[in-house]
Structure formats: structure tokens, C-alpha cells
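Undergrad: I have a structure here, written as C-alpha cells, and I will follow up with some questions on it.
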Amino acid sequence: MTLTASVDTTLTQISAGTAPGAACSPDLVEKPWVFDLRAPGYGPGSSMGDVIPAGSPRQGALPAFYREADAAELDRRILAAKEALGDRLVILGHFYQRDEVLAYADYVGDSFQLATAARERTDAEAIVFCGVHFMAETADLLSTDEQSVILPNLAAGCSMADMANIDQVEECWEQLAELYGTEPDADGRVPVIPVTYMNSSAALKGFCGRNGGIVCTSSNAQTVLEWAFERGQRVLFFPDQHLGRNTAKAMGVPLDLMPMWNPNKPLGGNDASALKDSRVILWHGFCSVHKRFTVDQIAKARTEFPGVRVIVHPECPMPVVDAADESGSTDYIRKAIEAAPAGSTFAIGTEINLVQRLAAEHPEHTIFCLDPVICPCSTMYRIHPGYLAWVLDALLGGEVLNQITVSDEVALPARIALERMLAARPPVPTGV
Ligand code: CIZ
């Protein structure tokens, strides 16, 4: 298929029959506000089959003006607001956003790069985060009290982050404390260290801060697990089982020492003995975007493009990571493509908006997504220029809409867990 810069354009062409290919849902050509009042789905895209927890934020109806305005009118309003607000506003755009939104971003990056940008721009009173809910929460944790973080569409959650909530994790923690006790061993290592992936609620980051734990990203998961193993006999890793398993396996942890914790079952569905012997307890969560990639897709890419370099994200299932040439975060993928000699061919296993953008930015390479079906992240899809224009017009009028605020009670320990991550460094090799 011919790759264009914009997934929206490709989807429209597929739907009109003017481009070959298939989308995972015909609803992807609908505007996101069609789904704002329709409970309880995440909307069309790869996580549409996952169940949204009852307490997750909902977006009310977007005012008719913004639903009916054409692209030129929205563009005019967004640019006018940016011009008028100047440095008082910063717009952050995640790699997985549609290009039609990223066109207005002052910074484009992964969740942590963007939260760091938020921290550095202390002059900006308003931080508009074009990403998903946990990212806006992290930006709020790292920004000052005077700054407001705004999520243009409150329905932009994250199905993986929603797979572990604070009540379930507290309940798991109590069961583990009953099983292991709380006393350190002879080496001073406590029974369990909790590790949460950045893709989790602030409440879970706070839980880690309160219980000697830490946050990790897909770029530093191994360093963070090393940090945790220095301090604990085992790790409770949530919410993404795949990142936890792929990282621990690469560090030499045997698979049979990585039981899975299902929050709906006593002891997570495990025997006490399996938990006692464990090194990493993996939460039963996953990313519905990365779950779509398969070993068969990799085999097909290798047959059709001999010499292809296959890079997948570590949120992919383990057999996919094992079959790929490399795995790494969005930033790793981007840098690997930038550093490759012209004429390279890449098959990439991550969100389609990023893959198509990389293909458009690097005409010197052949770059395609392993999944032949166009299936963007359902929750990233919920941000559209209509919502951006709506929140920016309100800001111009002095009103802050869709503000994401983390309570002090959660923010204080959550920042501790984030600071531990920032301070964690790979151990210095010995015997050199
Ligand atoms: O942290 C992020 O932004 C995500 C979702 C993945 C990555 O690898 O950057």
C-alpha cells in the first residue's frame, strides 16, 4: 500500500474505495464526538473491545460549533489562539496522535519526553496535552501548581492503564504481604518491590512511591528492574505484562519464575508456592495496539522483503519480540530509523500514526507497519482539532476546560516514584 503522512487520509481513502487496504473498524472515518455520548466503549480502533472501567472520565458533548466547523475554520481558530496566547500556552503532542493534531504541537515526543517538556516550560500557564489521560496526569505531577494541564478530550484514556486500578493493586499487595511477610532478608532486600509502567494512573505511581517502588518507561525498564532487584527479592510489575516479561526475560529471569496476577482471582490465580519462588509477578494487563502484532506478520515481511529489519515495541507479546531483530521504545525506533543507511527496509510493530509518519519523513527508506490492517489507538484517536480549538477558544476567554489535576495526597508519593526512576542508573560493570 502507498503510505501517506496521515492515517486519517488513508482511512478516508480506504472507506471511499480510492485506496487499497483495510481498517479494523469502519467507524474510524467518523469524527470522535460521535462516540462522546455513547457509553461504554473507548471508541473505534484497537482497544474498542476492552471494557472502560466505571469510574473513568467521560467527555460531555462537544459544542455544535466545533463539531460542524470545517478544517479551515478550526485551523484559523487554533492558530489565532496560539498567536494570542504566545508563551502562556504550550501544546504537547504524543507520537501516536493524528498528524492533523500534531501540526499544532510545540513539542512532539513520548509520554516522558513530553512531561519533561512541561516541566521545563514554567512560563506556560496552560499545558494542552494532546495524548491520553495518564500522560496529562504525569505532566501535572511534573509542572508547577500555577500551571494548568488540559486534556482536550476527557475520553482519551488508555485501555492498558485502566487494566490496573488502585483498589485492585492494594488488594494484591495485602495478599502478598500475608504470604511473604514484610521483613527484609539477610541481604536487606524486602520481599517485593512494586514497579509501575509510566502508562498507569497517578494513583498507582503514588502507590509505588509509598511502598518503596518506582516508575519505569519502555526506554529504561531494564535499568529500573536492576534497581528493584538490588532492593527486593522480587518485583510486582504492572500494568503491562508484556513489557515486564520481555524485559525480565532479556535479563535472564526464567519464564517459570514470572507468574501472572489476575486481579479477579484469589492469589491472582496462583499457587502460593509459585508466588514464593517468583522473581517477577506480572499484572494481567496489555496494550491492545501492540497485541495485534504476530509472528506470522514477521515471517511474511521477511519473505516479501529479504533483508528487512524488524523492530517492534516491547509492549508486543514475547514471541513477537523474540522473532523481531530488535525491540525498543518509540524513541528507540525513531532513532534507529534516523541512523540507518539510506535504502534500508524496516517493518515496524508499533502504533500506525507513528509508523506512517516515519515512512513519510524518511523517503530514503522503505518503512511499513507489520500489521496490514489500519488500526490506530482508540484513545489517541479521541483527540481531534475540533477539541483543541474548543479548549483553546475557552482559554482565550479565560476559562480552563478539561483540567487534569492530581491531588496532593497522590502527587507527593507519585513524584517520589518518578524521582527514583530519574535517579536510577544502570549498575557500573565490575571487574573492568
Ligand atoms: O511512553 C510512551 O509514550 C509510550 C506509550 C511508549 C513509548 O515507547 O514511548
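In case you wondered, yes, glycine gets a Cβ from its N, Cα and C as well.
Note: TrEMBL annotation is automatic and uncurated.
Keep in mind that what you see is a predicted model, and the values were worked out from it rather than measured.
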Undergrad: Same iminosuccinate site as His94, Ser111, Tyr197, Met198, Asn199, Ser218, His313, Pro314, Glu315 according to TrEMBL: which of Thr122, Thr182, Thr330?
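TA: Answer, per TrEMBL (iminosuccinate site with His94, Ser111, Tyr197, Met198, Asn199, Ser218, His313, Pro314, Glu315), from Thr122, Thr182, Thr330: Thr330.
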Undergrad: Write out, in the order they occur in the sequence, the residues of the chain not among Cys158, Cys287, Cys377 that have a C-beta within 8 Å of the mean position of the C-beta atoms of the recorded [4Fe-4S] cluster site.
TA: Ser46, Ser47, Tyr96, Val132, Ser159, Met160, Ala161, Asn199, Ser288, Val289, Glu351, Ser378, Thr379, Met380
Undergrad: Below 8 Å Cβ to Cβ and six or more residues apart, same chain only. Which residues does that give for Cys287 ([4Fe-4S] cluster binding site)?
TA: Ser159, Met160, Asn199, Asp240, His242, Glu315
Undergrad: Given the binding-site residues His94, Tyr197, His313, find the one whose Cα is closest in space to the Cα of Cys377 ([4Fe-4S] cluster binding site).
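TA: Closest by Cα distance to Cys377 ([4Fe-4S] cluster binding site) among the binding-site residues His94, Tyr197, His313: His94.
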Undergrad: List nothing but the largest Cα to Cα distance in Å, as a whole number, among the residues His94, Ser111, Tyr197, Met198, Asn199, Ser218, His313, Pro314, Glu315, Thr330 that the record says bind iminosuccinate.
TA: 18
Undergrad: Compute the C-alpha separation of His94 (iminosuccinate binding site) from Cys158 ([4Fe-4S] cluster binding site), stating it in Å without decimals.
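TA: Cα of His94 (iminosuccinate binding site) to Cα of Cys158 ([4Fe-4S] cluster binding site) measures 13 Å after rounding.
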Undergrad: Using C-alpha atoms only, work out the spacing between Tyr197 (iminosuccinate binding site) and Cys158 ([4Fe-4S] cluster binding site) and round it to an integer in Å.
TA: 12
